[in-house]
Structure formats: C-alpha cells, structure tokens
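For reference, Swiss-Prot has these:
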type: TRANSMEM; residues: 3-23; note: transmembrane segment
type: TRANSMEM; residues: 333-353; note: transmembrane segment
type: TRANSMEM; residues: 360-380; note: transmembrane segment
type: TRANSMEM; residues: 387-407; note: transmembrane segment
type: TRANSMEM; residues: 431-451; note: transmembrane segment
type: TRANSMEM; residues: 463-483; note: transmembrane segment
type: TRANSMEM; residues: 528-548; note: transmembrane segment
type: TRANSMEM; residues: 853-873; note: transmembrane segment
type: TRANSMEM; residues: 875-895; note: transmembrane segment
type: TRANSMEM; residues: 897-917; note: transmembrane segment
type: TRANSMEM; residues: 953-973; note: transmembrane segment
type: TRANSMEM; residues: 984-1004; note: transmembrane segment
Amino acid sequence: MKFFALFIYRPVATILLSVAITLCGILGFRMLPVAPLPQVDFPVIMVSASLPGASPETMASSVATPLERSLGRIAGVSEMTSSSSLGSTRIILQFDFDRDINGAARDVQAAINAAQSLLPSGMPSRPTYRKANPSDAPIMILTLTSDTYSQGELYDFASTQLAPTISQIDGVGDVDVGGSSLPAVRVGLNPQALFNQGVSLDDVRTAVSNANVRKPQGALEDGTHRWQIQTNDELKTAAEYQPLIIHYNNGGAVRLGDVATVTDSVQDVRNAGMTNAKPAILLMIRKLPEANIIQTVDSIRAKLPELQETIPAAIDLQIAQDRSPTIRASLEEVEQTLIISVALVILVVFLFLRSGRATIIPAVSVPVSLIGTFAAMYLCGFSLNNLSLMALTIATGFVVDDAIVVLENIARHLEAGMKPLQAALQGTREVGFTVLSMSLSLVAVFLPLLLMGGLPGRLLREFAVTLSVAIGISLLVSLTLTPMMCGWMLKASKPREQKRLRGFGRMLVALQQGYGKSLKWVLNHTRLVGVVLLGTIALNIWLYISIPKTFFPEQDTGVLMGGIQADQSISFQAMRGKLQDFMKIIRDDPAVDNVTGFTGGSRVNSGMMFITLKPRDERSETAQQIIDRLRVKLAKEPGANLFLMAVQDIRVGGRQSNASYQYTLLSDDLAALREWEPKIRKKLATLPELADVNSDQQDNGAEMNLVYDRDTMARLGIDVQAANSLLNNAFGQRQISTIYQPMNQYKVVMEVDPRYTQDISALEKMFVINNEGKAIPLSYFAKWQPANAPLSVNHQGLSAASTISFNLPTGKSLSDASAAIDRAMTQLGVPSTVRGSFAGTAQVFQETMNSQVILIIAAIATVYIVLGILYESYVHPLTILSTLPSAGVGALLALELFNAPFSLIALIGIMLLIGIVKKNAIMMVDFALEAQRHGNLTPQEAIFQACLLRFRPIMMTTLAALFGALPLVLSGGDGSELRQPLGITIVGGLVMSQLLTLYTTPVVYLFFDRLRLRFSRKPKQTVTE
C-alpha cells in the first residue's frame, strides 16, 4: 500500500520519472541502427587458390586437399566445403556464431602458411582469403559501361581504383569484380608457321620471358654527380612485342609477329558481363558477417560522388542493384503497423470506458512503455529490424493490458462512488498482485528462448528481450503513472451518470448478462466441458503433426538471383549467347526493373544473374508468382537451365547453389558417389514437392584424353615434361611474363590462336622439338580420344561431396519436401557408403523441428514454476494453464485457413499466446481466491462472481491484444510475409481461447479445488484414527 501511495500522492516525481524514461527511449531510438533482421550471419571465410590450366581433379588433390587438412585443424570451424574447377579452388569455412571473424582470419592465414610447402610450385600466387560469404547475395551491384573504353580497360579501372577504395569502407567484406579480366598482351600462336620455322612453343615462351625483364641496374657516380642507370629492358605493349626476335632459321631472324598474332587484349577472354542488354563490368559488393547492411550501403552511397569525380567522362557508373530500399520500405510498413496498433488499442479502451479522461491514461502509458524500450534495445546492442519492431507492435496489446486492469478496477470503485485518490489507492492495491503475476508469467514464457542456441536462438533473442523489456517498463508504469493519473484526472461518477448506458455500453451489459446465464448452465454440466477440453488437447497434437512446416517465411525482397547451368560440353561463345537469351526473356517481363549477369571464368557452363523487381506498389505479383511465370518461359530455352530464387535475409551455409535449399551426399568412395548421385537426382526431380532440382556434380564434361607412348617418346628423345609443357603452352592461357605498371601488374598470355583450335585437328598440328633439334609432331608419340571428365570436384570436410539443390513449388512446404526426400532415399536403397543429409537452411530447419516441441514444453514449465511460486500452490497454475489448448487449436486452424505453413515466426506467435491467454485465467483465479478468503463464498459462488466481475477487463485485454495484432494480419506491402504469420497465429489463438476459456477455466478451477480438498482431508482422517 505504501509503495502505491508513494507515487499516487507525489504526482510531480511520478511524471518526471516517466519523462526520464521517455527521454532515454528517444535518445536510444535516434542511435539505434536499422537492419532487416537481427544479426544472425555465421562468420564465413573464403580461401581462394589458382593454378592456371590445372584440371579440377588436379586442383582437388594437389591444392584443395593440403589446404583442407591444414584449415580443418582451426578451432570453431563448424563446416568446411570446397569446390575445385579448371585452374581454381575455393574453400569455404563456416565458423561457430561466437567465433570472432578477425581471430578466425588470423588462424586461416596461419593455416595457409603451414600448408604452403605442400602446394604445387607452379602456382602464380599464394592462396588468399576473404572475410565474406560468396553464397550471400550482394548488398549492392555497381556497373561500369562505356562506348569508348574496352572491357579490359573498364575492368582494370574497376579493380585497380574502385574496388580497393570501396573495400576500405566500414562494413564491406568483399568487392568481386566480374565481366572481364585485367588487360594483357596476348600472344596467339600459329602452329603451322611455328612448324615451318622450326620454332617450338617453349622457344617462344623463353624468348618473350627473357625479353621482358625488370631488374635493378644500379647507378654511376663521380665526385660531384650520381646517375641512375635505366634501360629499355621492359616491353609494355603488343606493338613492342611484335618485332621481338625469337629464333634464327638458316641465318634469318624469326620475329614473334611472323609466327603469332600479338594483341593488346585481356588476361582471360572467357569472361562476359552484361547489364540489361549492354556489356558491362560488375562490382558485386558483399558485407562483412557482422556488418549492418543499411549503414554499409549508406556509407557506399556517400562515397560514390567522390568516386564519380575520379571516373573519366566516357565511363558511366551506375547502381544496378541496392538491397536497402526494400528493407527501408519493410521497416516503414512495420512502423505504420505499430502506430495503427496503438490507435486501435486506445480505441478499445475508449469503447469500454466511454470516457475521454480515462482514455488519455493508456494513451500516455502505452507510448511511455514502448518508447522507453528503445533505450534498453540500444544498451543491448540491438537494431531496429522487422522482428524487434514486430515485438513492439505485439507489445502494444500487452502493455495496455496492465494499464487496463488497473484503470478498469479504479473506474469500478469510482462508479461505486469512491473518491478518486482513494479509488486509485484501493483499486491498485487489489490488482497489484494480479498485474505482477500477469507480467512475470508473460516474461517467463521467453526465458527458454533466451537460452536457445544456434541460429533460431540468435534470431529470436532480440524479439524476446525487446518484448520482455516493454512488459517490464509497462509493469512499472501501470503501478506508478497509471494510478497517479487516475487519482488526479478521473472524477467520481454521479448516481444518474451510472445508469446512463448507451450504444456499446448497453451491448456490453447485455453480453455480460448473457455470459452469466450461459456460465450457470456450464457449471451444471462440467463433464461436457471436460470432454471439450480433452478434445482440444487431442486436436492440438493432430494439427501440429499434420500442418505443413517451414523454417522461415519465404520473403519477397524485390531481388531475385539466377543460376545458369548449361550443357557440360558447351563452349564459352555459346554460353555467352545463352546468357543474352535468358536476360532478354527476363528483361521483357513487366515486373522486372533491372537485370545484370555474367558468365565465364573457371566454369564456362555456368553463369549468374541478379534481377531487381519493381517496387511492390508497382507490381501486383509476389516474387514467387513472378518466378513461376518466368519458369515457364525459361524452360523453352534449349541446352541450358536458369534457376531463379528470391533473395532472402537469412541464408545459411557457404555453398553457392542454384536454389534455396540443399541436400548433400557424402562418400569416401568417389566412384560410388558418382554412380548414385544421378540416380538420386533424377528420382528427386520427379517429386511434386520439389522444383528446380539440380546438382553441383558435373562429371560429364567433354575431355580429350591423350595417351603417351613412352617407349616411342624415349626413342625420339622426348620426355613427359616437354610434352605436358607443349599442351600447357598451347591451350592453357599460360602467363609467361609480367608487365609492371605504376598502378598494377599485367600479364603476357600465350596460347594457340583460337582460329586454329576450332576442332580436334588442332592437336595434329602440335609438335615438340626433341633433343636433336627435330620437330616431332604430337601424333607420333600420343593417341587421343574423347572422354568424359568432371568440370568440378567438391568436398565437405575431407570427404567427396555432391550437393543437390532444390526450390519449393507454390503450395508446398519445406516439411513436405524433407519428408518426400527421406521417402525417396529409402525407396532407392542407397548403400551405406553414400550418406545423405540436409545442408544450409534445410539443415537448420531439421534441427529447429526437433527442438520446437521441447521449447514449447519448456515455456509452459517455466510459466508453471513462476505461477506456482507466486500463488504458493501446485494446483492454481494448472487452472491457469488450462487456457492454452484452445489457443493452440485456434492458432493452428488459422494458419491452415490462410494456407500459411508453421514457421519460426508462427512459433513466436504460439509462445506469445502462452503468455496472453493465461491472463484471463489469472484475473478469474485471483478474484475467486480473494472472494473465498474474505467473502466467505463457496468455490462455485466465488468463481462465478469472479467471472462476472472480471468480464469487462477480460474482454478489454483480449480485444486490445487482438486489435494490436490485427494490423499484422491485414498489412500488405514490403515485409508482409514476415508479419502476417505472427498476426494470424495470435488472432486465431485469441479468438478461439476467448470463446472457450470463459467457460473452461471456471470448470477446471472447481475440478482442482475439489481435488485439493479430497487430498487435504485424507491425512487428517489418518491422524484421527
């Protein structure tokens, strides 16, 4: 009593306390960062290594394996995958959540150093690492186009000047430049001219290398002067290499231009990038795992004007894709939903109390509680994101509940004629414990979430803490500011005013009277109610088992990613044509705003596309509907497939795949893996629960298999090293020299001119100069035949791996797909040597599925413990928790009605319902116990009176919570796919629980009371005997 009086009779101190809370919240709000979701990125580091011309199998055995053995010893590595393709190896290291990315990077560098002695000596550079996940969609894509500059010049400018500058911006993890390669002098050899002149390819390589040398020459000086010596030992352009003498034939000089075409070109001609229909260089910017996407994008945008000033006028720099507009739009939608929720909740209070003065009180207490929460969010290092703002939206219904319970009870005393200050003190004292019980038991629901590990725990922690803090501040405000305002603002009702009931008030009285009559009938038919309660429990179990489930709602971020997979024997020129064809189909779709794409590099049969959709208010279809429409058009393109998926804010794992979900096959027997992967992939492709099934196992690439006749080679004076050097010189785009420039280093690349390699007959023109100086054709000592070879070799850990990727068709859930895959694997009878498991997001979904029921049980158990401590009873908490089955049924039925799968967001809704619906029972039980203790009433009379007295606040709190969640259900626009499952779950659960718990709670109360009495009598009878 003294605690409440302290605030009621000291209004200035109470107002200033509330002002202080509000000011702290405003300051916190201004400093909070903005993000789409809480920080849930796994620390990921990518290690890259190259050995130009090496086959995928060679890269895997000689480069990937030594690095993997060394990197696998690093502490905190949760997953290690690698992919080796022509001349390139990528190793992706995913670390535990609590691993510091900078410390991990130091360990990675140390592991690379330790493995250096085991790597091939011919590698042009040491392996490097980047602190970015290559499977993440870029947060921004910049494009460079020009009508006058070549693609190589644009690439040089982008990689030399733009990329390093952007990489230095806080939050940027990686800037990947694509669409071409660095400028280079290319030497395109003419095999017939070489043969005629008796010049070997090694002669050309040695001559070029020796003619371009950068060595210190020293200095001259006398007594007074010093001269630095400088020579023309470097050749920098194709024109300078053209007259280079490489050989003498019969006394005549053979120049490089006589046997080759020398051009200023690019290092790798098998690269192409486009934006819409125009050739372009792409700068794909990815953020660090711990960086804030909005702050990083804003920093890049702030730097762009400065970069524009350094760009020549003939180069056009444009932002082709930016993830931030849809994120900002989504957050604006949530903020609008929050404002609407507050307005609706206050409207509910006004309708019930029919008093402007009374309505002002929650209109002040609710904003104070919500705004004050921002201060705690800032201190906890949180951000303004979809989940934390949704927590505040839902908290609107919770924080007003506390104020409603106090306000309604004080208003009831005022209606009875009590003076305002006395009514405020008495009313607050009566419900103080009730409000405390409601708040603490609600916070208790979230304790298991706070202790939950992994990605789901990290994802839900901000939601749980934000909501708990809002409830805690609401508890303080409702026991201090609310009663003070009631005591000083409200007036005692006059007798004639008490009788004046109109409109909603008259309807509420009629509802209360009807409820009283129906409650009497129910209390006389308790067995029927018991059957209904048991039925809801059984229905809960059946609905939870049968409802489709997924990990996280499929988001429409306005950005699509596309992976092109063409025939494994396709040429680069044909692949570039496929890229252009696919881009045209997509560009012609009315919902598409911008398209960028690239192909080439180590995998000539693959490419990537990034598609920006028009804003949601300019298109009527969702991203998934657009994908479904495009899928039909894209399927008509022969010889290649384009797999589209919507970019998501949550993506787990470092695998680069062409679809959203992955299923990985592992084996220590590579032959078994290559035998079973096609069988499994073809089986999965027939399942209606899966779409866009594809695999990263590509072992049918065209290969020309050369078999050396070693006896003949020995007789002709040729060794294997000379033969291999011939092939590398001719077809490996071999880098034979380096050109040093002030801003960068460029290569001299040698290969047979592509004009002479259009078919297999090019091998017949190759020759080796033996130890007698004779030209020996390759066909004299080697035979060749076409064969199949892998385009890539993949590992997970130290095992061979193949990852099958898939998307979900419209109307199918991840649980449907998972169950279908498990059935298919059982039907196929896959041997134990080939192990299958879900990866990435699908793996996290499997882990979350296993822990969901445990989490719900833990939340119920925690609430029971808290209520048991508060009521000093084993029985009364069970009465209060009997409200939960009806809420669960309502929530699951609502999800089924809206065709929404049970996701992590729906799980949050179930957890919230555990906290919400028990409030009705708490108010009933509190007043029933009070009536029994002080009113000398029987249990049935006490619970009946409690139900009628608390009918109005029960209706007010339920409607407040319902109207607080209703805007989430009805909201559209950006991010609605995240908000709607939460709103649907809460609204469905509240409606069903309100209909049932008004009757089941009194019956359960009486049942446990009789049970308590029965057990309490038995010991007494035993003692008497």
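Including glycine, each Cβ sits where the backbone N, Cα and C put it.
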Which residues of the same chain, at least 6 past either end of the transmembrane segment (360-380), have a Cβ under 8 Å from a Cβ in it? 18, 21-22, 24-29, 31-32, 338, 342, 345-346, 349, 388, 392, 395-396, 399-400, 403-404, 407, 462, 465-466, 469-470, 473-474, 477-478, 481-482, 485-486, 489
If contact means at least 3 Cβ pairs within less than 8 Å, sequence distance 6 or more, would you call the transmembrane segment (3-23) and the transmembrane segment (984-1004) in contact? no
Outside the transmembrane segment (333-353), at least 6 residues beyond either end, the same-chain residues with a Cβ under 8 Å of its Cβ set are 359, 362-363, 366-367, 370, 386, 389-390, 392-393, 396-397, 400, 404, 407-408, 411, 504, 508, 952, 955-956, 959-960, 963-968, 971, 973-976, 979
Flag the pair the transmembrane segment (387-407) / the transmembrane segment (875-895) as in contact if three or more Cβ pairs fall under 8 Å (sequence separation 6 or more). no
Have the transmembrane segment (463-483) and the transmembrane segment (528-548) got at least three CB pairs under 8 Å, pairs 6 or more apart in sequence? no
When counting Cβ pairs under 8 Å to the transmembrane segment (528-548), the leader among 853-873, 875-895, 897-917, 953-973: 875-895
